[in-house]
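Going by TrEMBL, these are the annotated features:
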- 88-153: region 'VHIID' (REGION)
- 172-204: region 'Leucine repeat II (LRII)' (REGION)
- 326-401: region 'SAW' (REGION)
Amino acid sequence: MEQLLVHCANAIQSNDATLAQQILWVLNNIAPPDGDSNQRLTCAFLRALVARAAKTGTCKILATTAARYCYNNNLLPLSTHRFSAIELATFVDLTPWHRFGFTAANAAILDSIEGYSSVHLVDLTSTHCMQIPTLIDAVASRFESPPLIKLTVAAPTDSSLRPPVLDLSYEELGSKLVNFARSRNVAMEFRVIPSTHSDGFSTLIDHLRIHHLLYPEATPPAAEALVINCHMMLHYIEDESTATIASPSPRDAFLKSIRSLEPTVVVVVDEDVELTAGNLVCRLRSAFNYFWIPFDAVDAFLPAAGSKQRQWYEAEVCWRIENVIAQEGMQRVERAEGKARWVQRMRNAAFREAAFGEDCVAEVRGMLGEHAAGWGLKKEEEDQLVLTWKGHNVVFATAWVPA
């Protein structure tokens, strides 16, 4: 199936509409959207290739094929569901995909804020602060006199509906988080900064710089810890392929900017896959050999094909595949890089790794025990934790301090 997809991608790239249509029909017959995990994976890539073909040169004649295919298979537009806060919290907890990062990050944060009376937590995550309740619980349990938590989040300034989509404003979300923290006897302040990955979160960086100029007592190594929590968000910042020769990498520029703030700790959690290739076939192969994991894993924890949660789960994966394959330029936001590349970027920005303690490792293993067999944990280079599925790398977690 992977080879057929590659042949189809090559046909689309060369504007061979006849060959592309022939391969699409073959794939359509062997990869139903309600088949096994490999068939559903192939179907997702088929849909993405159809979307690309419909807007590529002479292959635009495939637009009719695309419409007929979606209609025949009852494929609704992707990313239509808007989650309530409770729905999203439950959805995120279905697999360790996010919980792994939450657990590892919380352990690193707790160790780094020991002795501080105030913690300025900058939360850059794709899951709309779903980690924060678990962190509040951990803070309340660990500290007899919990520090004040000043939570700052970056709210999207565009109208993009990148999944998961939350069906309430960040102001409403902040109110819920503050009330929850109060119920756990943790004082919390919540601040929203309109900022987005498209400009490298420059508005957020400017806000943080001004904050530390106006309140020097909050500048490390004073009484306030500065924690930068990056959970599956940095790969949305533009990479070198979209930067001009005259400008540095937006990703490197962002890391150097947060380094200049002298943070107490920076946590980087992301997916261990390379999706930045400019060549479509290279990108397709890499994506195909990574996104089989969520389709394979979902059969272990949500076997019922009609489950709403399963539909939402696979729709999010399909959205990402379509973004990787069908989009280019600024519209292609799914540009994940492997762990080794992020480690090098952090070191180049004058950070050094902070080791995860044995308690953290034990806690992560305990969390994985709550999920289906197949999920695993391994340590690489002593200081890096990696979530695995059937031995394959899925997500990595690293913690960093200024060198």
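Every residue, even glycine, has its Cβ placed from backbone N, Cα and C.
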Practice problem: Mind checking which residues of the chain, 6+ beyond the ends of the region 'Leucine repeat II (LRII)' (172-204), have their Cβ under 8 Å from one of its Cβ atoms? | Solution: 85, 122, 124, 128-129, 132-133, 136-137, 139-140, 146, 148-158, 166, 233, 236-238, 250-251, 253-254, 257, 330, 333
Quiz item: Reported in the order helix, strand, coil, what are the DSSP residue counts of the region 'VHIID' (88-153)?
Solution: 33 helix, 14 strand, 19 coil
Exercise. By DSSP assignment, list the helix, strand and coil residue numbers for the region 'SAW' (326-401), in that order.
Key: 25 helix, 27 strand, 24 coil
